[in-house]
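The structure appears right after this line, and notes come after that.
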Amino acid sequence: MDSEQKNCRILVLISGSGSNLQAIIDSCDDHLHGEVVGVISNKPDAYGLIRAHNHEIDTSCVIARKGEERNEYDARLKVAIDRYQPDLIVLAGFMRILTPELVNAYLGKMVNIHPSLLPKYPGLDTHQRAIDAGDNEHGASVHFVIPELDAGPIALQAKVPVYREDTAEDLAQRVHQQEHAIYPMVVKWICQKRLIMKNGQCYLDGESLGEQGHAPD
Ligand SMILES: Nc1nc2c(c(=O)[nH]1)N[C@@H](CN(C=O)c1ccc(C(=O)N[C@@H](CCC(=O)O)C(=O)O)cc1)CN2
Ligand SMILES: NCC(=O)N[C@@H]1O[C@H](COP(=O)([O-])[O-])[C@@H](O)[C@H]1O
């Protein structure tokens, strides 16, 4: 990166353990493409907050209030997000569905990792659903976030086998390993301005990616 290019300001939103946050923090160690400038959690006990503190990364909590409407929560969340002035917002196990107003405010600047081979199994409990369906493969998808849940253009996917004796936990662990490889890769591509979302599609180095995103080498 030449001197006048500024580092990409990465803001990570979490709700839990933060193993994907950790993978992204570790991938920014060389300070070449981006820097995690903040972590926001909707859960005060999220272990990912500890991970951020261990790296002296600023953290905020935006906790839902009893009876609060979704748009009221998202208005508070937007204030917290904008305080960091992020170039990229990374949802890493952030377990709230975001309103169209908030998503549209960051269209093309917000990505998510989903634990399935989208468009299969949007939503929750993806590992158990794959096991119950008798699938022999499963995986993870990194996609840009649009208002429709888990329906944004896919940048990259990773596949894992499903074994007959697998529990949902076994499968989750196998998927996690792949997540920790593909998410930092996509974050780096976006920070390097190699990957963009345009007209509802992903483009990597100017080439439109197909429905399933970039095909790994
Ligand atoms: N508008 C969008 N919001 C979000 C997207 C998206 O693509 N568009 N991705 C999700 C991430 N996600 C799956 O990858 C996901 C997160 C949460 C839920 C969900 O049903 N949440 C419930 C609460 C569940 C809980 O508290 O355990 C809810 O918000 O009512 C589904 C999918 C992030 N947001
Ligand atoms: N629908 C969203 C969803 O289920 N996301 C999933 O939450 C986990 C977070 O793990 P982490 O906190 O260790 O990164 C990840 O497996 C991610 O794919």
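Yeah, the Cβs are placed from backbone N, Cα and C, and that goes for glycine too.
TrEMBL does not curate its annotations; it predicts them automatically.
H114 (active site, proton donor) counts 22 other C-beta atoms within 10 Å of its own C-beta, drawing on all protein chains shown. The active site, proton donor annotation in TrEMBL covers H114.
Counting Cβ atoms from all protein chains shown, G18 (N(1)-(5-phospho-beta-D-ribosyl)glycinamide binding site) has 23 others lying within 10 Å of its own Cβ. Under the heading N(1)-(5-phospho-beta-D-ribosyl)glycinamide binding site, TrEMBL lists G18, S19, N20.
M95 ((6R)-10-formyltetrahydrofolate binding site) has a Cβ environment of 13 other Cβ atoms inside 10 Å. Look at TrEMBL and you will find R70, M95, R96, I97, L98, N112 tagged as (6R)-10-formyltetrahydrofolate binding site.
Among the features that TrEMBL reports, domain 'Formyl transferase N-terminal' is placed at 9-187.
DSSP assigns D150 (site 'Raises pKa of active site His') to coil in the three-state reduction, placing it in neither a helix nor a strand. With a cut-off of 8 Å between CB atoms and residues at least 6 apart in sequence, the same chain places N112, H114, L118, P119, P122, G123, H143 near D150 (site 'Raises pKa of active site His'), listed in sequence order. According to TrEMBL, the site 'Raises pKa of active site His' annotation covers D150.
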Distance, M95 ((6R)-10-formyltetrahydrofolate binding site) to N20 (N(1)-(5-phospho-beta-D-ribosyl)glycinamide binding site) (CA atoms, angstrom): 14
Binding-site residues whose CB lies under 6 angstroms from ligand 2, from G18, S19, N20, R96, I97: G18, S19, N20
Where the C-beta lies under 6 angstroms from ligand 1, the matching binding-site residues among S19, R70, I97: I97
For the N(1)-(5-phospho-beta-D-ribosyl)glycinamide site built from G18, S19, N20, further residues of that chain with CB within 8 A of the site's CB center: I14, G16, S17, L21, Q22, A23, G48, R51, A92, G93, H180
